[in-house]
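To start, the structure itself, in structure tokens.
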Amino acid sequence: MNPRARLWLVVLGGGGLAALLVAACLRLPAFGGPWHPYGDRAVRAALARHIANTIASVNFDQRAFDTMGEMTILFAAVLGCVVLLRQARDEHRDPPEPCEVAAPVRRYALVVLPIALVTGLYVIAHGQLSPGGGFQGGVVAATALHLMYLGADYAALERIRPVEAFEIGDALSASAYLVLGFAGVLAGGAFLANTLLPYGTFNTLSSGGTVPLLNAAIGMEVASAVVVLLARFLDQAVEIEEGSGS
Amino acid sequence: MGSESAVTAVTHVLPYLVAAYVFLVGCYGLATSRNLIHAVGCLAVCQSATYVLLLAVGYRDGGTAPVFSDIRPGSRPVVDPVVQALTLTDVVVGATVTALLLALTVQIAKRHGTVDPDELRELRG
Amino acid sequence: MHRLLPLLPAVPLLGAGLLVAGGRHLPRPVAEAFGCLAAATTAALAIVLLPHSSPALVEWVGGWFPKGGESVGIVLIGDGPSLGMAALVSLLTLAALAYSWHYFDEPPRGHAGTFPALILLFQGGMCGFAVAGDLFNAFVFFELMSAVAYALTGYRIDEAKAVQGALSFALVNSLGAYFMLMGIALLYARTGELAMAKIAEGLNAAAGHHGPDALTLTAFVLVLTGLLVKSAAVPFQFWLPDAHAVAPTPVCMLLSGVMVELGVYGVWRVYGTVFSGPGGLPAADVTRTLVVLGVLTGAVGAVMCWYQRHIKRLLAFSTIAHTGLFLIAVGVLKAEADDGAALYILGHAGVKAALFACAGILLDRYGTVDEFSLHGRARHLRGVGATFAVAGLALAGLPPFGTGLGKAVSEEAVGAPLTVVYVAASALTGAAVLRVAARVFLGFGPRPEEREGEEREEDKTSGADEEPETRQRLVRVPRTMGTVPAVLLAAALAVGVVPGFAGLVGHAVDEAGTWGVFSSVHWTATGVLLDLLSTLLAVGLALVAVTRPGLLSAPEWALPLRRLQSGHVGDYVAWLLVGTTLLGALALPAVLR
Amino acid sequence: MADAVVVVALLAVAGLATAAVANRDPARQALVLAVLGTALAVLFTVLQAPDVGLSQLAVGSALTPLLIMLSVRKVRRRSAHGKDSKQ
């Protein structure tokens, strides 16, 4: 189809979709309305289980099964990237030449790296108390690790970041989440039931029964997953060359 | 009174309309894109529209974040935590799916020597 | 028993996790055996749960049982259709793993467990979608099966076509999923709930006596768009042939056999649970929408199928044609038609997976799936040829195969005018398969010639010069690859002949349906005659095409239709937008009353 | 007051989304997407969703643009390489 015909189709289809969406928006309850039945129930349920951050309670307790699915998507996407970005038969590896990084950049990166890493771990650990948790903290921690690329060079990054170990860590933490789910069934309860551990004191690190454990598993998983992802893309961008070698 | 009620009327639907607009713009970009990496970026734009819609739906006037580490439960209204939980996981997962699409694009560049969809001459008929 | 429902997705997912964690240094047979074990365990679980599905099993994950009718948890539904789909998914996964046993392409270095792990993740996603009773949870598993499917489709990164097909598939399906998420957000705004049954209650309460409004209509259209993209209904179908033509054969078996059908199942489930009440969409409008799309899908799929020479692409278009037939059956909103669709899906899964398995053998043996260049070359593959031909007859509806029974039951339910579509689509797709069988395995007729004059763009997707999926070209067909299609075909036969099976399926579907009626499902004289008619038509068409190629070669009027399948992802997205508008227009009378 | 911030953030998101689509060069688009990610994070925070804002800040303004930039680099390097071998 030529671009003009395609544009006409987009205008036709997009126009219809726009009409539908606008008509729907006008019928939606006004923005900021007070009626949130599910949300109110979720808040009550979270408080009953001594979890200060309701969102952590929804993610890792009330709708933990959703999070299991989302976590598996993450796991599958990373596994897919590893498969898709593998070294093809007609490619070879060509270690990049170490390049000079400006001294201020290097110092900046080396100072920020530990701070960012600790921040990431802190955000993971306090998931059920304050805003944050495994998903956000994991991304922060993993991205922090890659400041090494700026601070030193690719070879140094490769040394502190054994990708294989992170791939296994990714799989193990995904399995750990599932095993915590199975534990509920084995104990005679429901899958992913948060009844195995005491709920602890409100607003402390150990509150919420299995919530901190699931949160930690997700933090590990997300961190490893993002490390593996970035490693695979860096590998492609820096190291893998086409042709069977020279 | 007239202008004030018009303003409220606008703020009552504006977030939804912005979500719809962002979604449509993303679709337009995806359909007319001349570069597959750009197309993946447009898909990310579409995705952010869903977050805007979900969070707009869960907002409550005068509400605060549903985190009770520094406020007493029941002292203030809170916004809907459920949509936040749904969005939160989706943000991270969406990024990894984007990565999957980019991985495919990188391979297309290798095998076809181009990332312009107009120049991909396979799989017709 | 209901406690075990969440394990249907969890067991294969845990299997995949362990396989990736520990599979790095495992020898290949151990990794594959473990994959088969996990898939088989899930299949066994689904089959054990099936007899307990009346009344439907209901599980609140995490033990969040409703108090005062309200819960904050996620509900899973284990009724006949959901557990049946989970069982079908699991058995077909097992077949795909058995088919790829040891012979499928060299795994990435040191990752013997990767391919079975991806297949298990795919299985987990599909099982999770089948048992979901919560709309957002259904979306999550929908995304999971999509994401894994993209990776699996592009698995052979050395192939230019494979990565292109996988990206088209990924972009279109991801966009479709976001349409669905927008729809879910609208429904949440209206009803404040996510469980499907609760959303329906909320819609009914909000509609009062006025019936549905624009919000309900838009939500319906958006959610339906996501599901119809997955089930490859016209005009959302373009990604499917591109993805199926290039995906590895075991993956094709799963994509065509169950994933696409899960889209139709999703339409049935979502309409039946969410939108069938007084606050949802009126039956007449839903029927109009689904039947129009179904007829279009059946017609486009069948015509395009006939003009393919790339065998895997031909099979992909026949899947589109059959999805159209399933959509019609679901769309007429009758208990008997639902039963027909269920039986048809069961039979079709076996037949289509067997056909793809045979096509895979051709690819691995000759390095091509081009009907023209394979002419007469596969004469000595007698077993494969026989399986392929019989599967072609079954696809056309030969009694007593499950496809024939499903087709007959559906035809009886949808009425005379729509029966024409069933007979025509199944005859044409069956004829295309039989034509291939006669040329490739028997060497009948003159060797087809390339077109005289300049070669058209549309004829270049011929399937010649493909890379085999095995490590080297097969000299002899391994026993596993030969047995799997025969077993699948036998299973499709069993659906039609095992006494009482059809009745059981019908009863389970009717019980889970919203119509509250129970119809008896069995072979009827009219059904058998119509099945024989389409089979004879298929044989006749195939014979004419093989002996007198000039008579039935592609006429000029079919060319624009083929040009639409342009391989350009921008076109596919544009058609997706048009499709959404079409859905909206077809269902619009619902809000005008 | 809070309403005004919400409106401004919404309009910024709409404008940046348009810019992200209109920038046909993927490297520049990645930069716009990073800014869009930040604007979304601000919007989510004023909508009282700090959890999502944090997540969006980490993902939308760092991870996704980074992945896009790496892909762009790979694709460009590849095409430069292809031209060399043709000469």
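Think of each number as a place in line: the chain as shown, counted from 1.
In case you wondered, yes, glycine gets a Cβ from its N, Cα and C as well.
Copied over from TrEMBL:
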- A:106-227: domain 'Na+/H+ antiporter MnhB subunit-related protein' (DOMAIN)
- A:71-88: transmembrane segment (TRANSMEM)
- A:108-129: transmembrane segment (TRANSMEM)
- A:135-156: transmembrane segment (TRANSMEM)
- A:168-193: transmembrane segment (TRANSMEM)
- A:213-234: transmembrane segment (TRANSMEM)
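Sequence-remote contacts of a segment are chain residues at least 6 beyond its ends whose Cβ falls under 8 Å from one of its Cβ atoms, and for the transmembrane segment (A:108-129) they are 51-53, 56-57, 60, 136-145, 147-148, 150-152, 203-205, 207-208, 211-212, 215-216, 219, 223.
Listed by sequence, the residues of this chain that lie at least six past the ends of the transmembrane segment (A:71-88) yet keep a Cβ under 8 A from its Cβ atoms are 167, 170-171, 174, 177, 218, 221-222, 225, 228-229, 232-233, 235-236, 240. Through the fold, the transmembrane segment (A:168-193) approaches residues 64-65, 67-68, 71-72, 75, 78, 210, 213-214, 217-218, 220-221, 224-225, 228 of its own chain, all at least 6 residues removed from its boundaries and within a Cβ separation under 8 Å. Counting residues of the domain 'Na+/H+ antiporter MnhB subunit-related protein' (A:106-227) by DSSP class, helix then strand then coil, yields 85 helix, 0 strand, 37 coil.
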